[in-house]
Amino acid sequence: MEEENATLLTEFVLTGFLYQPQWKIPLFLAFLVIYLITIMGNLGLIAVIWKDPHLHIPMYLLLGNLAFVDAWISSTVTPKMLNNFLAKSKMISLSECKIQFFSIAIGVTTECFLLATMAYDRYVAICKPLLYPAIMTNGLCIRLLILSYIAGILHALIHEGFLFRLTFCNSNIVHHIYCDTIPLSKISCTDSSINFLMVFIFSGSIQVFSIVTILISYTFVLFTVLEKKSDKGVRKAFSTCGAHLFSVCLYYGPLLLMYVGPASPQADGQNMVEPLFYTVIIPLLNPIIYSLRNKQVIVSFIKMLKRNVKVSY
């Protein structure tokens, strides 16, 4: 009888933000604009890198893939959020929930490894400039990209597997903006302590590994930059690395709070700021952060616009 009751709940309510009814339309329009800018910004960055052969080097291949993952994460979360602003029902089926979580888990994990790889790329470029073409080849870059996506899929499969063992019989209210393993584990009538443990072990390990890689890489970069006697070289190095460091700080802060800090059944799980930040705000900011501080991207973008204008006339 208990098992039958446990299988009854196959739909969930994503509460999302708690807001007054009069804020429904303004919030919908605000997030719609954010989403459109995010998609145009990231796809535009991908198009610029794709069209310009001069940008077919590791630094920009990594940047293009970061833009792809950001668009992926945003497109997994925002459309459902927009629908919930206008829909009378905020229901999502269990199968949709699992698919959404799986997609987000792949994107978030892949981005962690991409940011670490980008830090290593900058380390080699600045600390070993003469060896950079021999070390950081396009072939190595592509292999690192493939490994990042494979790691993202494997990590998502682990949590997805543990998610399948959960049953839901008491509550179907998910206090989150999307389906995630932590809020789902909190409402499960199955013992979910192993799910929280897996989040702490695997998500924590991935974040620690990527953060340590980034910190070590930029520590060497900092010492190398400080040894430079050329002011122009110092400015160029800080300009190149500053955007990446800023993006890293914005990305890992919410993730650490989300996946390492509250990994316990006692956490209330109702803070929407962290997931909103790394699924909506970061994908919006990344193309702006990287493009505005990168002269080559700006020049290539202007050239692409000029070519398109000539073709249209």
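Here the Cβ of each residue, glycine as well, is placed from N, Cα and C on the backbone.
Mean pLDDT of the predicted structure over the topological domain 'Extracellular' (1-28): 72. The topological domain 'Extracellular' annotation in Swiss-Prot covers 1-28 (among others), and the record cites sequence analysis as its basis.
Per Swiss-Prot, N-linked glycosylation site is recorded for Asn5, and the stated evidence type is sequence analysis.
For 29-49 (among others), the entry in Swiss-Prot reads transmembrane segment.
As annotated by Swiss-Prot, topological domain 'Cytoplasmic' applies to 50-56 (among others). Residue counts for the topological domain 'Cytoplasmic' (50-56) under DSSP, helix first, then strand, then coil, are 5 helix, 0 strand, 2 coil.
Swiss-Prot lists 57-77 (among others) with the feature transmembrane segment, giving sequence analysis as the kind of evidence.
The feature topological domain 'Extracellular' is assigned by Swiss-Prot to 78-98 (among others). Sequence-distant contacts of the topological domain 'Extracellular' (78-98) (same chain, at least 6 residues past either end, Cβ-Cβ under 8 Å): 9-16, 24-25, 27-28, 31-32, 34-35, 38, 160, 163-164, 168, 174, 177-179, 184, 279-280.
Under the heading transmembrane segment, Swiss-Prot lists 99-119 (among others).
For 120-143 (among others), the entry in Swiss-Prot reads topological domain 'Cytoplasmic'. Long-range contacts of the topological domain 'Cytoplasmic' (120-143) within the same chain: residues 56-59, 61-62, 213, 217-218, 220-221, 224-225, 237, 240-241, 244, each at least 6 residues beyond the stretch ends and with a Cβ under 8 Å from a Cβ of the stretch.
Here Swiss-Prot flags 144-164 (among others) as transmembrane segment.
The annotation topological domain 'Extracellular' is assigned in Swiss-Prot to 165-195 (among others).
The transmembrane segment annotation in Swiss-Prot covers 196-216 (among others).
Summarising the annotation, Swiss-Prot assigns topological domain 'Cytoplasmic' to 217-240 (among others) and lists sequence analysis as the type of evidence.
According to Swiss-Prot, the transmembrane segment annotation covers 241-261 (among others), on the basis of sequence analysis.
As annotated by Swiss-Prot, topological domain 'Extracellular' applies to 262-271 (among others).
Beyond the transmembrane segment (272-292), the same-chain residues lying 6 or more positions past its ends with a Cβ under 8 Å from any Cβ of the stretch are 16-17, 31, 34-35, 37-38, 41-42, 44-45, 63, 66-67, 70-71, 73-74, 76-78, 81, 104, 108, 176-178, 180, 243-244, 246-247, 250-251, 253-255, 257-258, 298, 301. Taken from Swiss-Prot, the feature transmembrane segment covers 272-292 (among others).
Swiss-Prot lists 293-313 (among others) with the feature topological domain 'Cytoplasmic'.
Take the transmembrane segment (144-164) and the stretches 29-49, 57-77, 99-119: counting Cβ pairs under 8 Å, 99-119 has the most. Beyond its flanks by at least six residues, the topological domain 'Cytoplasmic' (50-56) meets 64, 138, 296-297, 300, 303-304 of its own chain at Cβ-Cβ distances under 8 Å.
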